[in-house]
Amino acid sequence: MVDGAAPGRPSSSGEGLSSGWMSDKYSKMMKGKRNARKRVEHWLQASDGGYILDSTNTVLSMLSCILYVYETYAKPYYQAGLDVELLRWRVGIDWMDTVDFIFACYFLFHFIVHLYAAESRPHYIMSWTTFVDLLTVIPPLTCYSVLSQPGYVQRLEQQVDEAGAVRATTRLAFLRFVRVFRILRLFRMDRGHDHASSDVSRQIFKVCFTLISIAFIFAGIFYSCESLMVEPALMTDIWGPPLGRYPLRNDTNADGDYEYKLLYHDVFYYTIITISTVGYGDFFPISDWGKVLVSLMLAITFVIISKQTNRLLTLMGMQSVYARHRFRASTRASHVMVCGNIQTQSARDFLTEFFHPDHGQADAKLVILSPHTPDAGMEYILRSAEFGANTIYLEGSAMNETDLVRCCAAECEYVFILANKFCTDPQAEDAATALRAVSIKKHVAQNANGKNIPVMLQLIRPENKHQFTSSVYGRKERSQIICMDEIKLHLLAKSALCPGFSTMVSNLIKSCDAEADDSSPEWLQEYVQGVGQEIYRTKLSPSFRGKTFSEAAKYIYTEFSSTMFAIEVDVLDEPDESSVTSKHSSWRNSNDASVSGKQEGEPKRRTHVLLNPAWYVIGGEDTHVFVLADDQEAADELTTADCNDTDEKSVTRMLGEKAGDLFGHVIGKGGIKHMGRRKSSVGSMEDIPQYELLQTDMNLQQSRRISRLRANYHVLKQPLPLEDATWDTVGDMRGHVLLCGSTSALFYFAATLRSRSTPKSRLKNLVILHPDPPHKAWGQINLFPNIFYVQGSALEPTDLARAGVHGLARAVILSHAKPGGGGGG
């Protein structure tokens, strides 16, 4: 006991400890309840269980309404008089009452769970959904409880006097009438519009659903009022005896005369006619309460529908018409999908090339999926006579599953993903392009039943290829990546070595309709004829089997005026330990046109393109070649060509069979098997992804990078520091290439100049003139020989003189990159 404390009285410190302990216990208990409520709320909103719970509620609500309609035919509401047997039939519990009771129990459970999970229970209790739940749950439970009382029917049988029977009938009629409110469950079925594709679709669904709900609910209430308050004899006097009535129940009275007895479809028809004609129908209410209900129905309909219609018009005004369109694929014509960052000029160029008459795509449909509303220029293209009939523009995103379904992405023939060539942030642009490609590949894999649709990506920077190829869907076949900087700098470098090379390549890949008259110079006529031909890939006829490439090329040129310059072959790689065990083994096939992967340790088949392999003997049934032809129709003539001859085996063919090892290959059943060190290629870089050669400090070790560079380029033994390659002046250097401007993606320019296909004696010196030392770019090109840096500006004559402008062979000027952007050319 503490001194000074009254006897028998606890100390104040003890009281404080006790109250603090109780407070902590209460706070912990309340915190536990809040956490439990949040867990239940999260389960209802984000889990499959909550979705199933709501879906079950929707389905049972629909079944409850259907059961009510069925009961109106099985248990009619017309006045029964004083017949105790009929009274017993009307009050007996049957399977319909039992099913209705089970539904009500589930609805009650659903209500209790949501009430417990509600953040504000008073607000939830005062909501419209609670009103519907209570109004549709309480009457069925009450009716079932009353009718299931022991001896209830026997007590009714004992009420043989007229007053007792009337009281029993009135009591039962009230119980049956309040059960009509279960059709309000229709309002609990409106969750279907939550999964609609857009706000406009959801609002259209809501308007239609509201109209149907109003008609259905008022029809049920009106049916109950008219059936319980109007005698069948009065209905017969007003509407006349039924003619050709339905054999649903007995429509005769005690005297055997036909009487008009209301059916549910009668009142539903009346409700629809009343709403559409504002009461000018062939039916009208007889009872006073029926007239009140009709007036109330019209007032509610006008208020609700007008409000929702205004909302629909507002949403339609806010949303572009292109966001609501939907493309429907046809089995008679293929379609191609174009998405990404689509600029008006890019779209015009693409459409002009795609629908050119030479390509045979006159019947194809082209679907453009863009997140932006088309501007005036795009609108002009879409409405033009040239492209309007076969071009469909849809506003949407390739990242959205609903938009991919709208454009039938899983059924298209090809997918092109374009990038903005003039973007200010190429990293973000390439990342967005890669994400679009992965999204489309995933959608196709899930909806196309194993179909692998070719996807063509347009990237800005080659080092961003891994953003797509490192994904699961990026490793699959039939995906082609086109890098703008890579192609641009390769062409510029080749043009520096061979003037006019970029023009020639442009003529080969771009359609042209130029014509030269007879009075034009001969060289111009030849040039126009060459410009009119493009590169086409076509299947070769089986009749060419056994011929050498040179024999087939000669025959094709003589008979079809087309030039065959390349052929596709299958290569079977022998598995080796390094390719199986190395964690970097995936570099081998990352750039191939198609790869058929097998289990580790087994040969992998790859498709190679051989350029002009004169001694190669054509074999196989499914051989594709590349030709220069006037149009697709001319190229496809090779598929049905017949070049069989009866001559003895030519000397050329025999030499070709003996010289098969010239390419380091032999012909086998499965294709071509690798035998020697030397590789046939269209450029050895098909086997080595160039973007991986840039990763000096990421995935590849420096030694592996050097060995791969050395296999394909002229390189130094050791990297050359930038300080050693920096010159104040090049002096009297002659025949060099001067590069001015941006140093972005410089590797591809320098690599083309140092390719092993160029003899070492013919390598040209490369001089880089730039105001700032290219430290970042130098780390990518420091292994290439004869590259020098001069600090200065191309706008200063003295700096140009120091860079040897008077003795250069070629000058290449690249536009400077925007802040954060890629270089230009």
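Yeah, the Cβs are placed from backbone N, Cα and C, and that goes for glycine too.
Listed features, source TrEMBL:
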type: COMPBIAS; residues: 578-597; note: compositional bias 'Polar residues'
type: DOMAIN; residues: 54-305; note: domain 'Ion transport'
type: DOMAIN; residues: 333-454; note: domain 'RCK N-terminal'
type: DOMAIN; residues: 480-567; note: domain 'Calcium-activated potassium channel BK alpha subunit'
type: DOMAIN; residues: 733-816; note: domain 'RCK N-terminal'
type: REGION; residues: 1-20; note: region 'Disordered'
type: REGION; residues: 577-604; note: region 'Disordered'
type: TRANSMEM; residues: 98-118; note: transmembrane segment
type: TRANSMEM; residues: 204-223; note: transmembrane segment
type: TRANSMEM; residues: 289-306; note: transmembrane segment
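Per DSSP, the secondary structure of the domain 'Calcium-activated potassium channel BK alpha subunit' (480-567) breaks down as 48 helix, 16 strand, 24 coil.
Sorting each residue of the domain 'RCK N-terminal' (333-454) by its DSSP state yields 53 helix, 22 strand, 47 coil.
As a whole-number mean, the pLDDT of the domain 'RCK N-terminal' (733-816) in this prediction is 91.
Residue counts for the domain 'RCK N-terminal' (733-816) under DSSP (helix as H, G, I; strand as E, B; rest coil) come to 24 helix, 21 strand, 39 coil.
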